[in-house]
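**Q** Checked TrEMBL, it gives:
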type	residues	note
DNA_BIND	B:16-55	DNA-binding region
BINDING	B:90, B:91, B:92, B:93, B:94, B:95	NAD(+) binding site
DOMAIN	B:80-178	domain 'CoA-binding'
DNA sequence: TAGATTGTTAATCGATTAACAATC
DNA sequence: TAGATTGTTAATCGATTAACAATC
């Protein structure tokens, strides 16, 4: 079913397409070309066509892509047509920010955990903070497939290990540290410290293109 | 002074090296090899050596890299040897999380802004939330070179434009939208919606390598 | 039909990895 | 010296872009 071997870069762009298509769908625009998409998203039109063509022939020559249809297709590809349940560990500021974040697409944080006894039992965006002991059982009961880590770097690997034993196969890590997991477990690392520090490199040079 | 044209990928790895080196520096380890770094950071040793060699000969054959010296050098490369001042716009949950975040390296949020009158004048991590009107003047007075955007997507482009006119040349964007800025202004986009949704693609397949 | 735009192949570009001489 | 590890060149790999026939 799933095509050959799609590069990470391609998969990573699909949500970006989806987001803009969702915007379009609330207008009266029915059709969009790769050129328009490219202009709006700052991407090469050929790249967009190629990305989409990996998954099927979604466009019509001379016309472009039907907005509604393409949304549906990208949702299918990303496996977002049925709800995806997420667990979050670490109820600090960042954890709270993410809990309150409206993901729109069918992705929902359905359980939050913390190891700090003083946090357990408090509520966060209508969810009760649970102790780490309950992780495995909750993952099973609520059919959770993705875990988010928003604990300090020193705790992140331990949490990742717990996620893995609980059967989670996808982890979004916000802790500023590299995590190691067995094959078959996928880690995406949102490293905004690195994003920010690397930005500093480009400052004050005045010789940019 | 600055070497040829270093790829973004290389620059983006420097903070990752720096972070682990900082950890090492608080142990009694004085020297580290590219192999050790690679193992710890899940990177190819040759890549690490190549990355560092773009900027100078920091290692000693047969020995490795002196931890303290390499830290100093990477800090210089990233222009972190003198303090870098940052402005943040958008005092929601995410903005607050970032304000409380301890960046360690010489990067400091020194001013926060919001357009919501009910937020202005309140304090966030010892900073008083300022109105957008004061952006230009504050950027000048506090020598701010980097801006962080944590407003809703619908407002993000406007904020970016304000940053640009205020003279800011580096922007870290957390809003889930693509920003357009003139040449010479650098944008790093932390798009965790995309990170999370793209993770879904890889779930439940059971045929991963 | 004429104009527009896809899907796809080929060309280009760039980044990663392997290999090894130099040398500490 | 022998062992280890760098800096760097060459080889490989992969991703982006250009170009164009097919066709709506």
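Positions of Cβ are set from backbone N, Cα and C atoms, glycine also.
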**Q** In terms of Cβ proximity under 8 Å, which residues at least six beyond the ends of the DNA-binding region (B:16-55) contact it?
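**A** Residues 3-4, 6, 10, 63-68, 70-71, 73-75, 77-78, 104-105.
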**Q** Using Cβ-Cβ distances, find the residues under 8 Å from residue B:95 (NAD(+) binding site) that belong to the same chain and are at least 6 apart in sequence, listing them in sequence order.
**A** B:88, B:89, B:112, B:124, B:148, B:150
**Q** Applying an 8 Å Cβ threshold (strictly under) against chain A, tell me which of the binding-site residues B:90, B:91, B:93, B:94 fall inside, in sequence order.
**A** B:93, B:94
**Q** Cβ atoms within 10 Å, counted per site: which of B:91, B:93 has the most, among these binding-site residues?
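**A** In terms of Cβ crowding, the pick is B:91.
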**Q** Find the average pLDDT over the DNA-binding region (B:16-55) in the predicted model and report it.
**A** 97
**Q** Out of B:90, B:92, which of the binding-site residues is least crowded by other Cβ atoms within 10 Å?
**A** B:92
**Q** So what sits near residue B:94 (NAD(+) binding site) in its own chain, CB-to-CB under 8 Å and at least six residues off in sequence?
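**A** Expected: B:150, B:174.
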**Q** With DSSP helix as H/G/I and strand as E/B, how many residues of the DNA-binding region (B:16-55) fall in helix, strand and coil?
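**A** Here the numbers are 27 helix, 2 strand, 11 coil.
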**Q** Tell me the residue counts in helix, strand and coil for the domain 'CoA-binding' (B:80-178), as DSSP assigns them.
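**A** Reading the DSSP string over the domain 'CoA-binding' (B:80-178) gives 31 helix, 31 strand, 37 coil.
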